[in-house]
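Single-structure report; data block below.
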There are 2 protein chains.
Amino acid sequence: MNTINETHHADLKSWVESANIPGTDFPIQNLPFANFRRLQSNESFRLGVAIGDQIVDLAALAQAHLCSGIVQEALLAASHEGLNSLMGLGRPAWSALRLALSEMLRQSYANQQPIAACLIPQARVEYAVAAKIGDYTDFYTSIEHATNVGKLFRPDNPLLPNYKWLPIGYHGRASSVVVSGKNFHRPVGQTSPPGSTSPSLSVCKRLDLELELGIFIGTGNAMGQAISLEDAENHIFGICLLNDWSARDIQVWESQPLGPFLAKSFCTSVSPWVVTLEALAPYRAALPRPVTDPQPLPYLSSEDNNSQGALDIELDILIQTQAMRDASIAPSKLAQSNYRHAYWTAAQLVTQHTVNGCNLQGGDLFGTGTLSGPTADEAGALIEITEGGKKPVILPNGETRTFLEDGDAVTLRGWCQRAGFARIGFGQCTAQVLPARVI
Amino acid sequence: MNTINETHHADLKSWVESANIPGTDFPIQNLPFANFRRLQSNESFRLGVAIGDQIVDLAALAQAHLCSGIVQEALLAASHEGLNSLMGLGRPAWSALRLALSEMLRQSYANQQPIAACLIPQARVEYAVAAKIGDYTDFYTSIEHATNVGKLFRPDNPLLPNYKWLPIGYHGRASSVVVSGKNFHRPVGQTSPPGSTSPSLSVCKRLDLELELGIFIGTGNAMGQAISLEDAENHIFGICLLNDWSARDIQVWESQPLGPFLAKSFCTSVSPWVVTLEALAPYRAALPRPVTDPQPLPYLSSEDNNSQGALDIELDILIQTQAMRDASIAPSKLAQSNYRHAYWTAAQLVTQHTVNGCNLQGGDLFGTGTLSGPTADEAGALIEITEGGKKPVILPNGETRTFLEDGDAVTLRGWCQRAGFARIGFGQCTAQVLPARVI
């Protein structure tokens, strides 16, 4: 587990002034990675690190030959498209690069000019998904979400007997994971509404969002071997925002007996920025599992995991309809939540995923599942917020929503704050619903 | 849909004599692809085409500069590891390469010597998975399998209401798809046998095989666009054998409500050889859907699909235990089946997978799902053959099996034959169960 070190100190300031503005997502304590290139260029994508409103172009920094040893090796790996090469170097390299960047960006650093030459304003770049994703797995770690959704289908028995014993997950679709800013068409699919005598092909009428975090695996394991809970966090590179768009009417018809499929695979959005697990070290939290619940089996349990395996990441969901945009009404908050409520930790997901011998690879993505919290205003999906479409949300301009309409833009945000430490943020994950194709 | 052309003529013979031996899987009418290199070499993997007991090394053939135009372009693409580059050239290139190889390998071909210089005996090579798989999706196309398995869980209601309306599928794990010949460790996982008060971590006790075919997608679609049923087969490259190893005790505990996960992701085996859809043109069959069943919705229905969308591929499953191997007893047949019984065609799977806008990519793999047939001896998994473990199979040496034991080797085979055409085969898909790791 990462410990707090000099890169986390709250009193660090950067010579990049925008990084010192209170409320910025990207102070010097954060240093998240993205896969980027200049807007409207034919440049190759490569890695950059956010500092204030700038990006440190790591390929340019590698070419400047200011660093040596493992740091220069990491910079050369970061010059490739996507995180995968850097991931392959392992945690010591990730950590050495973070420390070197922290030092070079501090106010006290002597040789700022050549670093400044590697900065590009974030306003002038475009992003791609942070890594080449081999496999994408979506989990179901919020017991509140599992209970809320379970109530809609099984009012007397919302939570299934396996829930408290193992992290439930399913394989997702990697090809349709796209970066924030890419809009998507409302899906089409087979549905069979209550009362219909036969299904029909139709445009999705119950389009939903799901507030999730994405966990990028940094290093994998050989097939047939498991990753122990103690070792699990060494395999995690970092965390991003993730919106698991869901077509509820398609889902309810297709998903027995094999689970969600086309109701999810039309689009999954992720934020461009990946906050490293090391950057998150100050925001650890204890697991919320009540003592009256069954304790996890030994392979899913450790003192460290119980006492500090969770992460205190504040989350919110904003919506802006086309009419709101037209009237210049700011996005409106649909819900807020926190990752610390999750019933299973990121480390437990890694261990569970590999207990059968399944091989993870650097660049694999885990979704946490919808991160609903314990109270009604912490529900992470419209199906929960509107109780299955029965209680519409009223927006600032008087519009109502049960599910998403064409033109709606949904934005997820995330940030960490704790007394004595800096506030760090995840940027945004946003996308707009485009009309369905004609059928 | 591919039509029968000169490459399928039954009277074609090759100057590679082993291709003319009756019963060979690889006569000149087949010409399947594999990703190979010489045994114990550090060579790069590249594509080869089977002819009798030999492989045409397509990289060597490209270097011989005997071909030009689209054929030489296809050979250069085939010089890379895996089918993906060749797939990217599209169906006209695949077809031109097939015709050129057919011509160069015919008995009548004048300039045999430089082709002969590109042959390597199959006994001297090793294989890798035929393509870099982006996403793997497993379907459930056998109504007999769905009914047989459904009966174990829901005796009164074995087949769910959606089954006859749309092909059911779920996302699978791509990283653990391995080539025939790679053995795997029995998985470990959480199980909760009937009567237990709480689950435990244990070695899988109900390890099963599943007789499937794998369908390799050759060319994909843009996100947000669908592939029509009429166009679907243009996107399919070819078909291989696939064994979807399954841990039934892990599956029954983990899979509600999100479907199969770790019960499948420990290993999936595929044959090295991919038989192209073009090679399969003579073995078309009508769909088996009874007229009393609901007809598919228009997007899943066409005259071509109804009359010749199915494929007549004979399949069987062989088992050889460690004791049988020690006593030199040949592998024993567990079951036989045929792909023509599948309720949904390969084209329907492509169309259904993309109807929501999900983007396929060249190299994606579909599993057909367990291909059980209508009679009891056509069951494609031990859970069906032994009726959930209640009726053991008796092997030639007197051993019995309900589920797989350590040391058991399972082999799948497939072939096509039809009066007036050659017999073509898929080779084998085989692997052996190794003991679980110590827990």
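Even glycines carry a Cβ here, placed using N, Cα and C.
Of the residues proposed, A:Asp156, A:Asp231, A:Asp244, the one TrEMBL records at the same Ca(2+) site as A:Asp138, A:Glu210, A:Glu212 is A:Asp244. Among the recorded positions A:Tyr140, A:His145, A:Arg154, A:Glu212, A:Asp244, A:Gln251, the ones whose Cα is located within 10 Å of the Cα of A:Lys264 (Mg(2+) binding site) are A:Asp244, A:Gln251.
Per-class residue totals from DSSP over the domain 'Fumarylacetoacetase N-terminal' (A:29-127), listed helix then strand then coil: 44 helix, 23 strand, 32 coil. Largest Cα-Cα distance over the residues recorded as binding substrate, namely A:Tyr140, A:Arg154, A:Gln251, A:Thr370, equals 19 Å. Around the Cβ of A:Asp244 (Ca(2+) binding site), the number of neighbouring Cβ atoms within 10 Å comes to 25. Neighbour counts of Cβ atoms within 10 Å were taken for the recorded positions A:His145, A:Arg154, A:Lys264; the minimum is at A:Arg154.
Sorted by the number of other CB atoms within 10 A, the binding-site residues A:Gln251, A:Thr268 start with A:Gln251, the lowest. For A:Asp138 (Ca(2+) binding site), the count of additional Cβ atoms within 10 Å of its Cβ stands at 27 [all protein chains shown].
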